[in-house]
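TrEMBL has this to say about the protein:
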- 21-42: transmembrane segment (TRANSMEM)
- 48-67: transmembrane segment (TRANSMEM)
- 74-94: transmembrane segment (TRANSMEM)
- 114-132: transmembrane segment (TRANSMEM)
- 144-167: transmembrane segment (TRANSMEM)
- 179-198: transmembrane segment (TRANSMEM)
- 210-230: transmembrane segment (TRANSMEM)
- 236-259: transmembrane segment (TRANSMEM)
Amino acid sequence: KCSHLRLACQTEPKPYYTSKLWWCGITLLGLGEVGNFIAYGFAPVALVAPLGCVSVIGSAFISVLFLKKTMRAADILGGTLTVTGTYLLVTFAPNVPPELTARRVQNYLVSWPFLVYSILEIITFCILLYFYKRKAVKHIMVLLMMVALLASLTVIAVKAVASMITLSAKGKMQLTYPVFYIMIVLMATSCAFQVKFLNQAMHLYEATAVVPVNFVFLTTSAIISGVVFYQEFQSAALLSVFMFLFGCLLSFLGVFVIARNQREEHLQIPFIDCGLIPGKKLTGKIQPDSRNSHYGTLNNEDDLVKSQN
């Protein structure tokens, strides 16, 4: 974001991929996703997926430092709710399951709970896809529900692949089993279609609406898939389950509060002040002055002739 703002203030804008700052951000984003992938090899799905709310808090507070945004009370409230929910998630998370070997993954794939879950998920996805394709329904709920259904398969595959790679690195080779490559194909395919529908939602709706709803749907589907496929809450106490779900609820509320605050801020600031961009001292406005009679419209030929006369 910072690199895009800097490029927008240049007299001759260059492509974003020529910016060293943009490549630095992409590299950090990639490292974060690698760390997220590795985490699935050591921790339950029900714990790793909800901790994605930490990135929302980080984005809100880091934007104050690098994008010079104003810290608001809603940011502090949302961050407090999310941190509290994160503490409950970590404290009452399910126990780490035994070593997830390739044979255990094969047994999970043919278990009755997962087969029933897969059939219901396929039927639901086909119904949503029918309304999306045939009826041209592009509602945000339809798009993000399809993303969540695909994400549940992605989480299952990522957990299996990460665990088998971890065991192989420890000396227990798991990469010779066909199920390992089946999970890789499932992971890549579900990710590709997931990005397709998520990109469609981002194109049609504001990011402040897509991000919190997608986080809630994706986290919920990940927890359900972890419960059904990996049986993570099988021996958990009722109080632990309740407190874990309460932590998820607090995290959801925190994300919604932070996202709602961003929407209000966007409406209150109709232009980008280049003087607030790190490394820039300009004070000009990128967008036209709202007091201009042509604000938000294109000058027609008659107006140009009059201005020349």
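Cβ from N, Cα, C; glycine included.
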Other parts of the chain folded back onto the transmembrane segment (236-259), taken as Cβ under 8 Å at six or more residues beyond its ends: 46, 50, 53, 56-57, 60, 74-75, 77-89, 91-95, 208-209, 211-212, 215-216, 219, 223
Candidates 48-67, 74-94, 179-198; stretch with most C-beta pairs under 8 Å toward the transmembrane segment (210-230): 48-67
Tertiary contacts of the transmembrane segment (21-42), as residues 6+ beyond its ends and Cβ separation under 8 Å: 2-4, 6, 48, 52, 55, 96, 155, 158-159, 162-163, 165-166
Surrounding residues of the transmembrane segment (144-167) on its own chain - C-beta under 8 Å, 6+ positions past either end: 37-42, 45, 49, 99-102, 105, 121, 124-125, 128-129, 132, 174-175, 177, 179-180, 183-184, 186-187, 190-191, 193-194, 197-198, 201, 210, 213-214, 217-218, 220-222, 224-226, 229-230
